[in-house]
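Scroll down for the structure; my scribbles are underneath it.
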Amino acid sequence: MSEVPVARVWLVLLLLTVQVGVTAGAPWQCAPCSAEKLALCPPVSASCSEVTRSAGCGCCPMCALPLGAACGVATARCARGLSCRALPGEQQPLHALTRGQGACVQESDASAPHAAEAGSPESPESTEITEEELLDNFHLMAPSEEDHSILWDAISTYDGSKALHVTNIKKWKEPCRIELYRVVESLAKAQETSGEEISKFYLPNCNKNGFYHSRQCETSMDGEAGLCWCVYPWNGKRIPGSPEIRGDPNCQIYFNVQN
């Protein structure tokens, strides 16, 4: 049986999770908050100095996060004047933010260009791009007054970003990094199509070398935990016999069995 290209597999997954919305021109909208959902919200502490809602599609008001607090797609928003960013040196910034492993920093610090790294600069002809560069160019940060989540801010600014200077991703050798770029590119293009509403999506979980972590999970914006599954690190294809569950599928067990 011939192998199905990874990009095609992702396209199928995206089509399965895209639903046609009813509001033209607003493709990145969360599902409406029903009275039942709002009734289940816990009260906000009286000591809270700034009330906001969660950064994802949660319905409950939350206390805005202070400077230095952990943050991400599904957490409360950072307080006014702060932005949620991946920690310095984070090898998987996009994935870290979907897991709530970012931190609230001053907006001035978040928008400042990174200091040059020690060592030799990359060749100007290089078409390599790291996940950290993706984070910087997609501006993965959201002030507390924004209506969209951190991740939607990233996707909405992607198409207009001219800082990537990517000329030919076919020259890239890292399969997960290639898929990550294509996923975000496809989501950005989907935003241009009015009426689309995405509540679940998949961002490849890449290691620092651009290959796949054995556990891959979808990200859910509807409050429900996303599905996780196991893949081979070198090509991202499902490990036969491994489960697809909402939780930890213990991929190392299945990986060891296959090897």
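Using N, Cα and C of the backbone, Cβ positions are placed for all residues, glycine too.
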Feature phosphoserine, as given in Swiss-Prot - residue among SER49, SER54, SER199, SER220: SER199
Site from SER34, SER45, SER83, SER108 that Swiss-Prot describes as phosphoserine, others unannotated there: SER45
Annotation match for phosphotyrosine in Swiss-Prot, from TYR158, TYR254: TYR158
Listed as phosphoserine by Swiss-Prot, one of SER156, SER186: SER156
When distances run from the Cα of CYS48 (disulfide bond) to each of the disulfide-bonded residues CYS71, CYS78, CYS176, CYS217, CYS228, the nearest one: CYS78
Pairwise Cα distance for CYS251 (disulfide bond)/CYS176 (disulfide bond) [Å, integer]: 17
CYS84 (disulfide bond) and CYS104 (disulfide bond), Cα-Cα, nearest whole angstrom: 5
